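Below is one structure, written out as structure tokens; comments come after it.
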Amino acid sequence: MQAAGGSFLALGFLGRLPAAMNQLGMLLIVSASGRGLALAGSTVAAVGLGTAAGAPLVGRLVDRIGAVRVLACALVVQSLALAGVLACLYADLSSALILIFAALLGCANPQAGSIARACWSAIARADAVPARALRTIRLGLGFETAADETSFVVGPVAAGALVTLLGAEGAALSLLVLTVLGEGAFALWLARRPALSRPHHDGGAGSTQAQARTPWVALAPVLLTIGAVGVVFGATQTALTAVHTAHGTPGLTGPIYGSMGITSALAGMVAPSLRTGVLARTALGGLLVLICSSVLTAVPGTPLTLAMILIMGAGVGTVLATSYTRIEAVAVSGRVTSLMTVAATCNVLGVSLGSVATGALGANLHYANLPAVAAGAVILALAAAQALTGRTGSFASE
């Protein structure tokens with residue numbers, strides 16, 4: 001961690017926090033404004049679709065023109081989008097405009113987490129000592145996984161608190177201010193360190209060559225694994241909502257689901273230091289997800305549910321930290337941020353798929369966790385298949 005410095009760790013976290021607040025924040029803000037739950041849900045979907053559509057482009061632009069320029073432009077667009085939502089609420093403008101601004105907000109997500117991961121890659125690749133460089137990238141990407149999970153816990157809680165304390169319009173204004181401060185501070189930090197934020201493209205034919213060398217065949221199982229983790233997130237969140245709504249305890253959904261982020265963050269920090277191979281770690285995480293989500297299909301009481309969620313969090317944290325490490329290891333120079341944003345997009349799409357699938361099954365509480373069971377099985381099967389084919393070595397390798 002000394003290679004990056006405490007300011008990078010803190011500002012990298014603050015830079016991604018607004019994005020973690022946006023979806024639930026928009027849901028609560030629009031709902032609290034009296035526009036109805038249907039529009040609030042559509043607003044969340046618009047933010048998610050915008051993020052999925054914009055993330056690959058944002059990542060590619062970071063690699064081509066540099067992180068600082070992209071962060072600055074994204075910050076301007078996001079600020080205008082949030083100001084647009086605020087204006088719509090204040091002046092009671094068309095619901096269609098709210099959806100347009102929400103989609104724009106998601107599309108301009110600056111992908112601070114992916115940029116931070118690319119910075120760790122740049123730090124490690126500049127190290128002349130291979131063993132130290134490997135340790136740096138493993139610990140760095142483990143920290144980023146922990147930071148992601150922590151932001152996903154803190155962000156929704158902060159968004160809910162803003163709406164409760166300040167109302168819809170006050171919360172929208174606060175989210176705008178936090179976006180400017182958090183993402184702006186991260187952009188300023190990068191601007192003072194051009195070695196980490198400069199463009200990484202080679203230009204001309206070299207850029208085409210780098211594009212051709214991207215090992216998509218090797219990356220496909222890793223991206224599918226990250227997508228499966230997204231399914232676990234979406235399915236578990238939706239299933240917990242259905243269960244606690246049916247039991248008359250909706251207030252327990254947030255704290256219980258949030259506990260997954262705690263163990264996931266811890267596992268993300270610990271997993272890179274384990275002396276087992278990447279496939280073994282991935283398989284272990286998938287197995288934990290499979291077992292815990294299977295237990296949850298029995299709709300157990302709150303204590304056992306909480307225990308399963310905590311263990312499942314350790315599983316998904318291990319899988320994510322290991323998967324991002326694998327992506328960095330095979331990414332060609334000049335494509336690190338792009339590949340990290342592709343991975344983040346896979347996770348977002350997985351969350352949407354898990355939520356939709358569980359929503360369709362949610363009338364029967366015992367079926368609600370089946371998508372997470374299937375996702376755990378997919379993670380385990382992908383790791384086993386790669387081990388058997390020798391594509392990433394054996395379970396004991398790396």
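Placed from the backbone N, Cα and C atoms, the Cβ positions cover glycine too.
Annotated features, as they stand in TrEMBL:
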| type | residues | note |
| --- | --- | --- |
| TRANSMEM | 35-58 | transmembrane segment |
| TRANSMEM | 70-103 | transmembrane segment |
| TRANSMEM | 171-191 | transmembrane segment |
| TRANSMEM | 216-240 | transmembrane segment |
| TRANSMEM | 252-271 | transmembrane segment |
| TRANSMEM | 278-299 | transmembrane segment |
| TRANSMEM | 305-324 | transmembrane segment |
| TRANSMEM | 336-361 | transmembrane segment |
| TRANSMEM | 367-388 | transmembrane segment |
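Across 70-103, 171-191, 252-271, 278-299, the stretch most heavily in contact with the transmembrane segment (305-324), judged by Cβ pairs under 8 Å, is 252-271. The stretches the transmembrane segment (171-191) and the transmembrane segment (70-103) are in mutual contact, each linked to the other by at least three Cβ pairs under 8 Å (pairs 6 or more apart in sequence). Highest Cβ pair count under 8 Å relative to the transmembrane segment (252-271), across stretches 70-103, 216-240, 336-361, 367-388: 216-240. Using the rule of three or more Cβ pairs under 8 Å, pairs at least 6 apart in sequence, the transmembrane segment (278-299) is in contact with the transmembrane segment (216-240). Here the listed stretches are 35-58, 70-103, 216-240, 367-388, and the one with the most C-beta pairs under 8 angstroms to the transmembrane segment (336-361) is 216-240.
A Cβ distance under 8 Å defines the sequence-distant neighbours of the transmembrane segment (35-58), meaning residues of its chain 6+ beyond its ends; these are 19, 22-24, 26-28, 70, 74, 89, 95, 98-100, 102-111, 114, 338, 341-342, 344-345, 348-349, 351-352.
Spatially, the transmembrane segment (216-240) is not adjacent to the transmembrane segment (70-103); fewer than three Cβ-Cβ distances between them are under 8 Å for residues at least 6 apart in sequence.
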